[in-house]
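Novice: Let me begin by handing over the structure; questions about it come next.
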Amino acid sequence: MPGDAHNIETTLGVDDMDPTTRKTQPELPTHVLEDEKTLPEEESEEGDYEQDIPDGGLGWLMAVSGSFLIFSSFGFANSWGVQYYRTEILQDTPPATVAWIGSIQYCLILLPSALTGYLMDHRHFRGPLHTASVICIVSVFLVAECKKYWQFMLVQGVLYGLSAGFLFGPILPLMQHWFRRRRATAYGITATGSSTGGTVLPIVVRKLIPMIGFKWTIRVVGFIFFLTIGVPNLVLRTRYPPTKSKSGLLDMSIFKSAPYSFHVAGLFVSFLGMYTVLTYIDVAGVSAGLDPNFTFYLVSIANAGSAVGRLSGGLMGDRIGPINTLIPMTLAAAVTTFAWPYCTTKAALIPLAILYGMCSGVFMGICAAIPSPPSNPVNPQDRGRMVGMLFTIASIGSLVGPPISGAIHDKYGGFHQVSIYAGCMIVFAAVLLTCARQAAIGRVWGII
(Lines of atoms letter the chains of each structure in order from A and count residues from 1; the text may use other names and numbers.)
(Lines give C-alpha, C1' and ligand atoms only; values in the text may rest on other atoms or scores of the structure.)
Protein backbone atom coordinates (compact mmCIF):
# COMPACT_ATOMS: atom_id res chain seq x y z
CA MET A 1 0.00 0.00 0.00
CA PRO A 2 2.89 1.56 0.77
CA GLY A 3 10.22 5.80 2.49
CA ASP A 4 13.02 7.30 1.05
CA ALA A 5 15.55 9.66 1.50
CA HIS A 6 16.06 10.55 -2.06
CA ASN A 7 18.23 13.40 -0.88
CA ILE A 8 17.34 15.60 -3.76
CA GLU A 9 19.22 18.66 -4.88
CA THR A 10 18.89 20.98 -7.79
CA THR A 11 20.33 19.88 -11.10
CA LEU A 12 23.20 21.56 -12.87
CA GLY A 13 21.97 24.77 -14.41
CA VAL A 14 22.34 25.08 -18.16
CA ASP A 15 23.78 28.56 -17.87
CA ASP A 16 26.65 27.23 -15.73
CA MET A 17 27.89 24.83 -18.40
CA ASP A 18 30.54 25.31 -20.98
CA PRO A 19 28.88 26.18 -24.30
CA THR A 20 30.58 23.28 -26.03
CA THR A 21 29.00 20.78 -23.66
CA ARG A 22 25.64 22.44 -23.21
CA LYS A 23 23.86 20.23 -25.72
CA THR A 24 25.35 16.96 -24.64
CA GLN A 25 25.41 17.29 -20.85
CA PRO A 26 22.49 15.21 -19.48
CA GLU A 27 20.39 16.54 -16.63
CA LEU A 28 20.81 14.09 -13.79
CA PRO A 29 18.29 13.58 -10.98
CA THR A 30 19.22 15.81 -8.09
CA HIS A 31 19.33 12.94 -5.62
CA VAL A 32 22.08 11.38 -7.76
CA LEU A 33 24.09 14.60 -7.81
CA GLU A 34 23.92 14.91 -4.06
CA ASP A 35 24.89 11.30 -3.46
CA GLU A 36 27.98 11.71 -5.60
CA LYS A 37 29.40 14.42 -3.33
CA THR A 38 32.45 13.60 -1.23
CA LEU A 39 31.56 12.28 2.18
CA PRO A 40 32.90 13.92 5.33
CA GLU A 41 36.25 12.63 6.53
CA GLU A 42 34.88 10.90 9.59
CA GLU A 43 32.53 8.85 7.42
CA SER A 44 35.31 7.97 4.99
CA GLU A 45 37.17 6.26 7.83
CA GLU A 46 34.42 3.64 7.78
CA GLY A 47 34.73 3.25 4.01
CA ASP A 48 33.15 5.15 1.18
CA TYR A 49 29.77 3.48 1.46
CA GLU A 50 28.00 5.94 -0.80
CA GLN A 51 30.46 5.55 -3.66
CA ASP A 52 30.43 1.75 -3.34
CA ILE A 53 26.64 1.39 -3.53
CA PRO A 54 25.97 -1.67 -5.75
CA ASP A 55 23.03 -0.04 -7.57
CA GLY A 56 22.01 -3.52 -8.70
CA GLY A 57 23.47 -6.98 -8.28
CA LEU A 58 22.78 -8.14 -4.73
CA GLY A 59 20.62 -5.06 -4.29
CA TRP A 60 17.91 -6.58 -6.49
CA LEU A 61 17.74 -9.55 -4.08
CA MET A 62 17.22 -7.06 -1.25
CA ALA A 63 14.45 -5.33 -3.19
CA VAL A 64 12.61 -8.58 -3.93
CA SER A 65 13.02 -9.76 -0.33
CA GLY A 66 11.69 -6.41 0.84
CA SER A 67 8.66 -6.87 -1.38
CA PHE A 68 7.95 -10.16 0.45
CA LEU A 69 7.79 -8.29 3.77
CA ILE A 70 5.53 -5.61 2.31
CA PHE A 71 3.35 -8.41 0.86
CA SER A 72 2.96 -9.69 4.42
CA SER A 73 2.29 -6.27 5.95
CA PHE A 74 0.63 -3.76 3.65
CA GLY A 75 -0.43 -6.51 1.24
CA PHE A 76 -2.58 -8.10 3.92
CA ALA A 77 -3.92 -4.69 4.94
CA ASN A 78 -4.72 -3.79 1.31
CA SER A 79 -6.73 -6.99 0.95
CA TRP A 80 -9.01 -5.65 3.64
CA GLY A 81 -12.61 -5.17 2.55
CA VAL A 82 -15.40 -3.84 4.73
CA GLN A 83 -18.09 -5.71 2.81
CA TYR A 84 -17.11 -9.29 3.78
CA TYR A 85 -16.80 -8.63 7.51
CA ARG A 86 -19.97 -6.55 7.52
CA THR A 87 -22.14 -9.14 5.78
CA GLU A 88 -20.64 -12.44 6.96
CA ILE A 89 -19.21 -11.94 10.45
CA LEU A 90 -20.18 -8.55 11.89
CA GLN A 91 -23.64 -8.17 10.36
CA ASP A 92 -24.94 -5.85 13.07
CA THR A 93 -21.99 -3.44 12.93
CA PRO A 94 -22.23 -0.29 10.75
CA PRO A 95 -19.70 0.03 7.88
CA ALA A 96 -18.11 3.11 9.43
CA THR A 97 -17.46 1.17 12.63
CA VAL A 98 -16.06 -1.85 10.81
CA ALA A 99 -13.82 0.48 8.82
CA TRP A 100 -11.98 1.37 12.03
CA ILE A 101 -10.39 -2.10 12.02
CA GLY A 102 -8.75 -1.39 8.69
CA SER A 103 -7.85 2.16 9.69
CA ILE A 104 -6.13 0.97 12.86
CA GLN A 105 -4.20 -1.54 10.73
CA TYR A 106 -3.04 1.13 8.29
CA CYS A 107 -2.15 3.52 11.08
CA LEU A 108 -0.12 1.05 13.14
CA ILE A 109 1.74 -0.25 10.08
CA LEU A 110 2.94 3.32 9.49
CA LEU A 111 3.12 4.61 13.08
CA PRO A 112 6.33 2.84 14.24
CA SER A 113 8.27 4.11 11.21
CA ALA A 114 10.01 6.89 13.16
CA LEU A 115 11.21 4.34 15.70
CA THR A 116 12.24 1.71 13.15
CA GLY A 117 14.05 4.37 11.10
CA TYR A 118 15.90 5.59 14.20
CA LEU A 119 16.85 2.02 15.17
CA MET A 120 18.04 1.30 11.66
CA ASP A 121 20.24 4.39 11.58
CA HIS A 122 21.86 3.06 14.75
CA ARG A 123 22.31 -0.40 13.21
CA HIS A 124 19.51 -2.11 15.19
CA PHE A 125 17.85 -3.89 12.27
CA ARG A 126 17.76 -7.65 12.61
CA GLY A 127 16.65 -7.93 16.25
CA PRO A 128 13.43 -5.92 15.86
CA LEU A 129 12.81 -7.64 12.50
CA HIS A 130 13.02 -11.16 14.00
CA THR A 131 10.79 -10.26 16.96
CA ALA A 132 8.14 -8.55 14.86
CA SER A 133 8.12 -11.45 12.39
CA VAL A 134 7.16 -13.94 15.11
CA ILE A 135 4.44 -11.68 16.53
CA CYS A 136 3.03 -10.94 13.07
CA ILE A 137 2.65 -14.62 12.15
CA VAL A 138 1.11 -15.46 15.54
CA SER A 139 -1.38 -12.60 15.21
CA VAL A 140 -2.60 -13.92 11.84
CA PHE A 141 -3.34 -17.32 13.38
CA LEU A 142 -5.17 -15.55 16.23
CA VAL A 143 -7.41 -13.72 13.75
CA ALA A 144 -8.82 -17.14 12.84
CA GLU A 145 -10.14 -17.47 16.40
CA CYS A 146 -11.90 -14.08 16.48
CA LYS A 147 -15.69 -13.87 16.51
CA LYS A 148 -16.57 -10.44 17.90
CA TYR A 149 -15.78 -6.88 16.83
CA TRP A 150 -13.52 -6.07 19.78
CA GLN A 151 -11.53 -9.25 19.14
CA PHE A 152 -10.90 -8.35 15.50
CA MET A 153 -9.99 -4.83 16.56
CA LEU A 154 -7.49 -6.02 19.17
CA VAL A 155 -5.87 -8.82 17.17
CA GLN A 156 -6.12 -7.76 13.52
CA GLY A 157 -6.16 -4.02 14.08
CA VAL A 158 -3.67 -3.57 16.94
CA LEU A 159 -1.47 -6.67 17.31
CA TYR A 160 -1.07 -7.44 13.63
CA GLY A 161 -0.89 -3.77 12.65
CA LEU A 162 1.87 -2.92 15.12
CA SER A 163 4.01 -5.98 14.36
CA ALA A 164 3.58 -5.47 10.61
CA GLY A 165 4.74 -1.89 11.15
CA PHE A 166 8.12 -3.16 12.36
CA LEU A 167 8.34 -5.25 9.17
CA PHE A 168 7.42 -2.40 6.84
CA GLY A 169 9.24 0.47 8.57
CA PRO A 170 12.89 -0.31 7.71
CA ILE A 171 12.39 -1.68 4.18
CA LEU A 172 12.29 1.52 2.11
CA PRO A 173 15.20 3.15 4.01
CA LEU A 174 17.14 -0.09 3.49
CA MET A 175 16.92 0.37 -0.29
CA GLN A 176 19.04 3.50 0.10
CA HIS A 177 21.89 1.28 1.33
CA TRP A 178 21.85 -0.62 -1.96
CA PHE A 179 20.72 1.85 -4.65
CA ARG A 180 21.48 5.39 -5.81
CA ARG A 181 20.75 5.92 -9.53
CA ARG A 182 18.06 3.23 -9.61
CA ARG A 183 16.62 4.02 -6.21
CA ALA A 184 13.10 4.90 -7.38
CA THR A 185 12.95 1.65 -9.35
CA ALA A 186 13.98 -0.25 -6.22
CA TYR A 187 11.18 1.48 -4.30
CA GLY A 188 8.74 0.46 -7.00
CA ILE A 189 9.83 -3.19 -6.81
CA THR A 190 9.53 -3.36 -3.03
CA ALA A 191 6.18 -1.56 -3.11
CA THR A 192 4.69 -4.11 -5.52
CA GLY A 193 4.57 -6.51 -2.58
CA SER A 194 1.66 -4.48 -1.26
CA SER A 195 -0.22 -4.70 -4.56
CA THR A 196 0.54 -8.39 -5.01
CA GLY A 197 -0.76 -9.19 -1.55
CA GLY A 198 -3.81 -7.02 -2.08
CA THR A 199 -4.52 -8.84 -5.36
CA VAL A 200 -3.82 -12.43 -4.39
CA LEU A 201 -4.95 -12.65 -0.77
CA PRO A 202 -8.60 -11.56 -1.28
CA ILE A 203 -8.99 -14.15 -4.04
CA VAL A 204 -7.39 -16.86 -1.91
CA VAL A 205 -9.69 -15.99 0.98
CA ARG A 206 -12.78 -15.80 -1.23
CA LYS A 207 -12.12 -19.17 -2.86
CA LEU A 208 -11.11 -21.05 0.28
CA ILE A 209 -13.78 -19.92 2.75
CA PRO A 210 -16.60 -21.95 1.09
CA MET A 211 -14.29 -24.97 0.92
CA ILE A 212 -12.58 -25.04 4.33
CA GLY A 213 -14.24 -22.27 6.36
CA PHE A 214 -13.00 -18.93 7.72
CA LYS A 215 -10.70 -20.36 10.40
CA TRP A 216 -8.65 -22.62 8.15
CA THR A 217 -8.57 -20.02 5.40
CA ILE A 218 -6.86 -17.53 7.72
CA ARG A 219 -4.52 -20.29 8.88
CA VAL A 220 -3.53 -20.92 5.26
CA VAL A 221 -2.66 -17.22 5.02
CA GLY A 222 -0.56 -17.65 8.15
CA PHE A 223 1.35 -20.54 6.57
CA ILE A 224 1.97 -18.41 3.46
CA PHE A 225 3.47 -15.79 5.76
CA PHE A 226 5.93 -18.35 7.11
CA LEU A 227 7.54 -18.23 3.66
CA THR A 228 7.09 -14.56 2.78
CA ILE A 229 8.39 -13.40 6.18
CA GLY A 230 10.93 -16.16 6.79
CA VAL A 231 12.95 -15.67 3.59
CA PRO A 232 13.60 -11.92 4.14
CA ASN A 233 14.72 -12.66 7.69
CA LEU A 234 17.49 -14.81 6.23
CA VAL A 235 18.44 -12.47 3.36
CA LEU A 236 18.12 -8.81 4.31
CA ARG A 237 21.26 -6.93 5.36
CA THR A 238 22.26 -3.30 6.00
CA ARG A 239 25.44 -1.68 4.61
CA TYR A 240 26.04 1.62 6.43
CA PRO A 241 27.78 1.76 9.81
CA PRO A 242 25.79 3.26 12.73
CA THR A 243 25.15 6.97 12.41
CA LYS A 244 27.31 9.39 14.38
CA SER A 245 24.39 11.79 14.76
CA LYS A 246 23.54 12.72 18.36
CA SER A 247 19.93 13.55 17.51
CA GLY A 248 17.24 11.75 19.46
CA LEU A 249 14.21 9.86 18.22
CA LEU A 250 11.97 12.93 17.98
CA ASP A 251 14.32 15.51 16.51
CA MET A 252 12.13 18.39 15.42
CA SER A 253 15.05 20.20 13.80
CA ILE A 254 14.47 18.21 10.61
CA PHE A 255 11.34 20.31 10.03
CA LYS A 256 13.49 23.40 9.54
CA SER A 257 13.77 22.17 5.96
CA ALA A 258 10.83 23.72 4.10
CA PRO A 259 10.83 21.08 1.31
CA TYR A 260 10.73 18.27 3.86
CA SER A 261 7.95 19.95 5.87
CA PHE A 262 5.80 20.53 2.77
CA HIS A 263 6.38 16.93 1.70
CA VAL A 264 5.37 15.53 5.09
CA ALA A 265 2.25 17.71 5.10
CA GLY A 266 1.40 16.54 1.58
CA LEU A 267 1.68 12.89 2.53
CA PHE A 268 -0.43 13.39 5.67
CA VAL A 269 -3.22 15.15 3.75
CA SER A 270 -3.14 12.58 0.94
CA PHE A 271 -3.77 9.74 3.39
CA LEU A 272 -6.96 11.48 4.50
CA GLY A 273 -8.43 10.63 1.09
CA MET A 274 -6.18 8.23 -0.81
CA TYR A 275 -7.45 5.00 0.79
CA THR A 276 -11.14 5.91 0.66
CA VAL A 277 -11.87 4.31 -2.72
CA LEU A 278 -9.97 1.13 -1.87
CA THR A 279 -11.82 0.83 1.46
CA TYR A 280 -15.34 1.40 0.13
CA ILE A 281 -15.32 0.41 -3.54
CA ASP A 282 -16.91 -2.97 -2.83
CA VAL A 283 -19.55 -1.50 -0.50
CA ALA A 284 -20.41 1.18 -3.07
CA GLY A 285 -20.79 -1.48 -5.75
CA VAL A 286 -23.26 -3.45 -3.64
CA SER A 287 -25.24 -0.30 -2.79
CA ALA A 288 -25.46 0.38 -6.55
CA GLY A 289 -27.18 -2.99 -6.98
CA LEU A 290 -24.26 -5.08 -8.24
CA ASP A 291 -23.67 -8.70 -7.28
CA PRO A 292 -21.51 -9.01 -4.12
CA ASN A 293 -19.70 -11.92 -5.78
CA PHE A 294 -18.48 -9.42 -8.37
CA THR A 295 -17.82 -6.39 -6.15
CA PHE A 296 -15.61 -8.50 -3.88
CA TYR A 297 -13.02 -8.67 -6.68
CA LEU A 298 -12.88 -4.90 -7.19
CA VAL A 299 -10.26 -4.61 -4.42
CA SER A 300 -8.10 -7.20 -6.20
CA ILE A 301 -8.56 -5.42 -9.54
CA ALA A 302 -7.52 -2.09 -8.01
CA ASN A 303 -4.46 -3.70 -6.41
CA ALA A 304 -3.49 -5.31 -9.72
CA GLY A 305 -3.57 -1.87 -11.32
CA SER A 306 -1.57 -0.57 -8.39
CA ALA A 307 1.24 -3.05 -9.10
CA VAL A 308 1.60 -1.62 -12.61
CA GLY A 309 1.61 1.89 -11.20
CA ARG A 310 4.29 1.16 -8.60
CA LEU A 311 6.69 -0.38 -11.11
CA SER A 312 6.13 2.22 -13.84
CA GLY A 313 6.26 5.04 -11.29
CA GLY A 314 9.66 3.85 -10.08
CA LEU A 315 11.05 3.67 -13.60
CA MET A 316 9.64 7.10 -14.46
CA GLY A 317 10.94 8.56 -11.20
CA ASP A 318 14.50 7.57 -12.08
CA ARG A 319 14.17 9.43 -15.39
CA ILE A 320 12.32 12.66 -14.63
CA GLY A 321 12.52 12.71 -10.82
CA PRO A 322 10.20 11.16 -8.23
CA ILE A 323 8.53 14.42 -7.18
CA ASN A 324 7.86 15.35 -10.81
CA THR A 325 6.23 11.94 -11.18
CA LEU A 326 4.22 12.19 -7.96
CA ILE A 327 2.50 15.51 -8.63
CA PRO A 328 0.61 14.70 -11.88
CA MET A 329 -0.21 11.15 -10.79
CA THR A 330 -1.60 12.42 -7.49
CA LEU A 331 -3.89 14.75 -9.42
CA ALA A 332 -4.92 11.82 -11.63
CA ALA A 333 -5.79 9.83 -8.50
CA ALA A 334 -8.01 12.73 -7.42
CA VAL A 335 -9.83 12.65 -10.75
CA THR A 336 -10.58 8.92 -10.40
CA THR A 337 -11.80 9.55 -6.84
CA PHE A 338 -14.22 12.25 -8.01
CA ALA A 339 -15.47 9.94 -10.81
CA TRP A 340 -15.90 6.88 -8.57
CA PRO A 341 -19.55 7.31 -7.37
CA TYR A 342 -20.73 7.88 -10.94
CA CYS A 343 -19.49 4.43 -11.96
CA THR A 344 -22.39 2.15 -11.10
CA THR A 345 -22.03 -0.66 -13.67
CA LYS A 346 -19.50 -3.42 -14.17
CA ALA A 347 -18.34 -1.83 -17.41
CA ALA A 348 -17.59 1.41 -15.57
CA LEU A 349 -16.26 0.09 -12.26
CA ILE A 350 -13.62 -2.25 -13.69
CA PRO A 351 -11.69 0.43 -15.65
CA LEU A 352 -12.21 2.87 -12.77
CA ALA A 353 -10.65 0.39 -10.33
CA ILE A 354 -7.70 -0.18 -12.69
CA LEU A 355 -7.06 3.52 -13.27
CA TYR A 356 -7.43 4.36 -9.59
CA GLY A 357 -5.08 1.51 -8.70
CA MET A 358 -2.45 2.67 -11.19
CA CYS A 359 -2.52 6.31 -10.07
CA SER A 360 -2.56 5.56 -6.35
CA GLY A 361 0.10 2.90 -6.93
CA VAL A 362 2.52 5.45 -8.38
CA PHE A 363 1.90 7.64 -5.33
CA MET A 364 2.41 4.87 -2.79
CA GLY A 365 5.42 3.48 -4.62
CA ILE A 366 7.60 6.59 -4.52
CA CYS A 367 5.93 8.92 -2.01
CA ALA A 368 8.91 8.49 0.32
CA ALA A 369 11.20 10.43 -2.02
CA ILE A 370 12.21 13.38 0.14
CA PRO A 371 13.26 16.60 -1.62
CA SER A 372 16.05 18.62 -0.05
CA PRO A 373 17.80 21.82 -1.17
CA PRO A 374 21.53 21.92 -1.89
CA SER A 375 22.07 24.15 1.14
CA ASN A 376 20.68 21.53 3.51
CA PRO A 377 21.42 18.01 2.23
CA VAL A 378 20.41 15.00 4.28
CA ASN A 379 23.13 12.97 5.96
CA PRO A 380 23.03 9.55 4.23
CA GLN A 381 23.19 7.82 7.61
CA ASP A 382 20.18 9.74 8.96
CA ARG A 383 17.78 8.90 6.16
CA GLY A 384 15.98 6.20 8.11
CA ARG A 385 14.94 8.68 10.80
CA MET A 386 13.63 11.23 8.30
CA VAL A 387 11.71 8.69 6.25
CA GLY A 388 10.38 7.12 9.44
CA MET A 389 9.10 10.46 10.74
CA LEU A 390 7.42 11.03 7.37
CA PHE A 391 5.37 7.84 7.64
CA THR A 392 4.67 8.17 11.35
CA ILE A 393 2.95 11.51 10.75
CA ALA A 394 1.18 10.13 7.67
CA SER A 395 -0.20 7.30 9.83
CA ILE A 396 -2.54 9.76 11.53
CA GLY A 397 -4.10 10.55 8.16
CA SER A 398 -4.53 6.86 7.38
CA LEU A 399 -6.18 6.38 10.78
CA VAL A 400 -8.88 9.02 10.49
CA GLY A 401 -9.36 9.22 6.70
CA PRO A 402 -11.60 6.18 5.99
CA PRO A 403 -13.74 6.62 9.14
CA ILE A 404 -14.34 10.27 8.20
CA SER A 405 -15.47 9.03 4.79
CA GLY A 406 -17.71 6.47 6.50
CA ALA A 407 -19.25 9.13 8.72
CA ILE A 408 -19.95 11.32 5.69
CA HIS A 409 -21.62 8.34 4.00
CA ASP A 410 -23.76 7.64 7.07
CA LYS A 411 -24.89 11.27 7.21
CA TYR A 412 -25.76 11.73 3.54
CA GLY A 413 -26.58 8.14 2.60
CA GLY A 414 -24.41 8.03 -0.51
CA PHE A 415 -20.86 8.18 -1.81
CA HIS A 416 -21.01 11.39 -3.87
CA GLN A 417 -20.20 13.56 -0.86
CA VAL A 418 -17.56 11.04 0.20
CA SER A 419 -15.80 11.33 -3.14
CA ILE A 420 -15.84 15.13 -2.94
CA TYR A 421 -14.17 15.05 0.47
CA ALA A 422 -11.56 12.44 -0.48
CA GLY A 423 -10.83 13.97 -3.89
CA CYS A 424 -10.31 17.45 -2.41
CA MET A 425 -7.85 16.05 0.13
CA ILE A 426 -5.83 14.44 -2.67
CA VAL A 427 -5.82 17.67 -4.72
CA PHE A 428 -4.60 19.60 -1.68
CA ALA A 429 -1.84 17.01 -1.26
CA ALA A 430 -0.71 17.62 -4.85
CA VAL A 431 -0.56 21.36 -4.12
CA LEU A 432 1.64 20.73 -1.07
CA LEU A 433 3.94 18.48 -3.10
CA THR A 434 4.26 21.27 -5.66
CA CYS A 435 5.23 23.64 -2.85
CA ALA A 436 7.86 21.12 -1.72
CA ARG A 437 9.37 21.05 -5.20
CA GLN A 438 9.40 24.82 -5.46
CA ALA A 439 11.02 25.17 -2.03
CA ALA A 440 13.70 22.64 -2.95
CA ILE A 441 14.80 23.94 -6.36
CA GLY A 442 13.41 27.48 -6.45
CA ARG A 443 12.20 27.25 -10.05
CA VAL A 444 9.29 25.93 -12.06
CA TRP A 445 11.04 22.88 -13.51
CA GLY A 446 13.99 20.68 -12.61
CA ILE A 447 14.54 16.98 -12.18
CA ILE A 448 13.62 16.28 -8.57
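Even glycines carry a Cβ here, placed using N, Cα and C.
Feature annotation from TrEMBL assigns region 'Disordered' to 1-51. Under the heading compositional bias 'Acidic residues', TrEMBL lists 41-51. TrEMBL lists 58-77, 97-120, 150-172, 184-204, 216-236, 257-281, 323-342, 348-370, 390-408, 414-433 with the feature transmembrane segment. According to TrEMBL, the domain 'Major facilitator superfamily (MFS) profile' annotation covers 259-448.
How buried are the listed features, and what sits near them?
Specialist: Residues 3, 73-74, 77, 80, 82, 85-86, 90, 128, 149, 152-153, 156-158, 160-162, 164-166, 168-170, 173-174, 238, 249-250, 271, 275, 279-280, 383-392, 394-396, 398-403, 405-406 of the same chain, all 6+ positions outside the transmembrane segment (97-120), place their C-beta atoms under 8 angstroms from a C-beta of that stretch.
Non-local neighbours of the transmembrane segment (150-172) in the same chain are 3-4, 66, 69-70, 72-74, 76-77, 85, 89-90, 100-102, 104-113, 115-117, 119-120, 125, 128-129, 131-133, 135-136, 139-140, 142-143, 187, 190, 229, 368, 384, 387-388, 391; each lies 6+ residues outside the stretch with a CB under 8 Å from one of its CB atoms.
Non-local neighbours of the transmembrane segment (184-204) in the same chain are 1-2, 4, 6, 59-60, 63-64, 66-76, 78-79, 81, 171-172, 175, 178, 217, 220-221, 224, 296-297, 299-300, 302-304, 306-307, 310-318, 322, 325, 357, 361, 364-366, 368-369; each lies 6+ residues outside the stretch with a CB under 8 Å from one of its CB atoms.
On the 0 to 100 pLDDT scale, the domain 'Major facilitator superfamily (MFS) profile' (259-448) averages 87 in the predicted structure.
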Novice: Within the same chain, where does the transmembrane segment (414-433) have neighbours whose Cβ lies under 8 angstroms from its own Cβ atoms, ignoring anything closer than 6 residues to its ends? I mean 6 or more beyond.
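Specialist: That would be 262-263, 265-267, 269-270, 272-274, 276-277, 280, 284, 287, 323, 326-327, 330-331, 333-335, 337-341, 401, 404-405, 408.
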